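A quick write-up on the structure given underneath.
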Amino acid sequence: MLNGKTILLGVSGGIAAYKAAAICSKLKQAGADVRVIMTESATRFIAPLTFQTLSRHDVIVDTFDEKDASVVSHIDLADRADLVVVAPATANIIAKMAQGLADDMLSTTLLATTAPIFVAPAMNVHMYGHPAVQANMRTLADRGVRFIEPGTGQLACGYVGKGRLEEPEQIVAAIERFFADRKLLQGKKLLVTAGGTVERIDPVRYLTNDSSGKMGFAIAEAARSMGADVTLVVGKASAALPEGIRTVRIESAQDMLEAVVSRMPDTDILIKAAAVADYRPAEQAKQKIKKQDEEMTLKLVKNPDILQTIGSLKTHQYIVGFAAETERIDEHAIDKLKRKNCDLLVANDVTQEGAGFGTDTNVVRIYDNNGLVEALPVMSKLEVARNLLVHVAERIKKGDKAN
Ligand code: PMT
């Protein structure tokens with residue numbers, strides 16, 4: 001599974017450092033070329049010689065210990081890596097990564113690499129739950145760092161709780177899944193809509209909604225990391241646009257309809273995560289509307305339903321709709337899926353904590369024509385995106401087409 005892959009294993013100084021030996025060994029057994037960097041404090045828990053023997057390479061601890069004069073070690077290792085995994089990751093290395101500090105070999109290499117990074121935290125339960133640690137992890141997650149969550153149980157410090165390094169088998173399985181996922185959507189052209197539409201009342205006023213764009217951006221990023229050729233159609237969004245993804249900016253539902261429909265023939269997968277206004281002002285005033293009477297009535301007219309339109313036009317495309325619901329989730333979701341001729345529909349109950357508009361997380365239920373496919377617990381929008389895209393990829397592979 002990992003043949004030909006170079007994996008950089010960063011070991012920081014916690015008691016779980018001894019488990020990193022098993023990670024190193026399992027990665028090697030799976031065919032990876034494993035390079036190990038240890039922090040000074042990690043060497044207090046386990047000897048570099050253990051990793052040297054398991055990886056069959058020198059282990060680097062000191063930034064200035066340049067063994068090969070023809071290369072600069074931290075740049076060479078950073079460039080060589082197909083993936084970096086920091087396991088165990090202490091609160092200290094997580095903080096350094098979040099702040100961009102480079103005061104030892106591991107933190108310096110982590111700054112220099114452009115490879116994907118996995119972080120497997122391990123620490124005391126209170127340290128793990130500390131707002132500073134949680135904020136640092138959120139910062140890193142926003143930058144695309146993937147976390148392998150610690151388990152819950154008896155900790156070496158005597159406490160029982162969350163903070164135990166995930167088991168080496170699970171860490172290696174996550175890495176294997178990552179490389180397998182990278183090919184899941186290879187050769188597929190995917191278009192995703194994100195953000196809210198803006199329906200102008202006059203030159204300075206408009207109707208919109210609370211969509212931040214995060215859900216759609218997460219889908220775009222996850223799809224790219226699975227090998228898809230991604231186009232993002234974005235309305236109003238408060239979250240930062242993902243870098244390096246082809247992006248089309250639009251304003252109104254009508255603009256979005258045109259942007260999506262015109263690209264349909266050249267698209268294999270369409271995902272509509274945008275929050276589209278159902279109505280727009282019947283008239284758009286050319287000049288700023290002046291304050292007049294005590295009351296004012298704004299007449300609205302129905303917008304085109306983009307999802308329904310593409311559902312009716314679809315040929316080879318695989319179509320995924322979203323639904324923001326507040327009640328009778330299953331019933332409304334299945335009704336939307338059928339009415340709009342989608343292949344999958346993702347419903348979020350936007351009344352739930354950690355779900356829906358503006359949050360970094362979501363809680364979704366995924367449906368197909370036969371009903372519920374999967375109900376996912378609260379997880380980051382990136383994880384929701386990955387789970388959804390795995391379903392899409394598997395169904396396309398099976399030849400599951402539009403109805
Ligand atoms: O952007 P975030 O802050 O991360 O928030 C994410 C989200 C809550 C916006 C997202 O997860 C979500 O649920 N998006 C769909 C919101 C929505 O418009 O739901 P709806 O039930 O009103 O519409 C159902 C589907 O029809 C959606 O795919 C929508 O894009 C589409 N639609 C709706 C109206 C319309 N005129 N045209 C459409 O295409």
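Please read every residue number as a count from 1 along the shown chain.
Keep in mind that glycine also has a Cβ here, set from the backbone N, Cα and C atoms.
In TrEMBL, annotation is done automatically, which means it is predicted and not curated.
Marked as active site, proton donor by TrEMBL: Cys157. In the three-state DSSP reading, Cys157 (active site, proton donor) counts as coil.
The CTP binding site annotation in TrEMBL covers Asp278, Lys288, Pro304, Asp305, Ile306, Leu307, Phe322, Lys336, Lys340. Other C-beta atoms found within 10 angstroms of the C-beta of Pro304 (CTP binding site) number 15, with every protein chain shown included.
According to TrEMBL, the domain 'Flavoprotein' annotation covers 5-177.
Taken from TrEMBL, the feature domain 'DNA/pantothenate metabolism flavoprotein C-terminal' applies to 185-394.
If you look up TrEMBL, you'll see 1-189 marked as region 'Phosphopantothenoylcysteine decarboxylase'. Mean per-residue pLDDT, taken over the region 'Phosphopantothenoylcysteine decarboxylase' (1-189), amounts to 94.
Look at TrEMBL and you will find 190-403 tagged as region 'Phosphopantothenate--cysteine ligase'.
Closest by Cα distance to Cys157 (active site, proton donor), from the binding-site residues Asp278, Pro304, Ile306, Phe322, Lys340, is Phe322. Within the set of recorded positions Cys157, Asp278, Phe322, Asp278, Phe322 have a CB atom less than 6 Å from some atom of ligand 1.
Each of the recorded positions Cys157, Ile306 was assessed for Cβ neighbours inside 10 Å, and the highest tally belongs to Ile306.
Pro304 (CTP binding site) falls outside any helix or strand according to DSSP and counts as coil.
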